[in-house]
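Features as listed in TrEMBL:
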TRANSMEM  A:56-77  transmembrane segment
TRANSMEM  A:98-115  transmembrane segment
TRANSMEM  A:121-141  transmembrane segment
TRANSMEM  A:153-173  transmembrane segment
TRANSMEM  A:179-202  transmembrane segment
């Protein structure tokens, strides 16, 4: 594992901690898209079907369990916790995420490395992760005002994707048989979605102002 | 590269 991959995993972890912190500390999930969070649950469950069949490392196994567990905990809080669910901005979170699930699954049936149960679900999870942030980004755009922790959450998620791209570039030059076009192309698409957000994030950071997205 | 290692990322 190289430093970029590790930095990517850590920023991913930090993003989840920031989100949990926001929900637990403020007992509020305002500005957070439940649809994006539900998509992440599906992403992790579909991708980590290999938890019991392929062992890579203790690190990988622990991280997989953490990602599955934390994403389930977040959705549980937003749906079941009495105080938290009252703060959910349902009317701003109207993205039709079922189409993303359906589209990703059809794409996985067409484009995959091997026509096996696990490989189809792996490709599905990669495609779905690429678009899973869209309901959240649309929600941020709609509300315009982004609170601090929500902004940090999306920032760390984007940083995670950027580090993964550096990781692939590094692996491409250091490993003799590195080719994984499904993950890399989807990763590029996914990172591109963050470009707009990053632009406004850095402007607000530079001006030391509150993050605001144009309507 | 073995199959298991093909998905060594998270």
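Quick reminder: no glycine exception, Cβ is built from N, Cα and C everywhere.
The recorded stretches the transmembrane segment (A:121-141) and the transmembrane segment (A:56-77) do not share 3+ CB pairs below 8 A when only pairs 6 or more apart in sequence are counted, and are therefore not in contact. A Cβ distance under 8 Å defines the sequence-distant neighbours of the transmembrane segment (A:153-173), meaning residues of its chain 6+ beyond its ends; these are 2, 4-5, 7-9, 11-12, 14-15, 18-19, 22, 32, 133, 136-137, 140, 146, 180, 183-184, 187-188, 190-191, 194, 197-198, 201.
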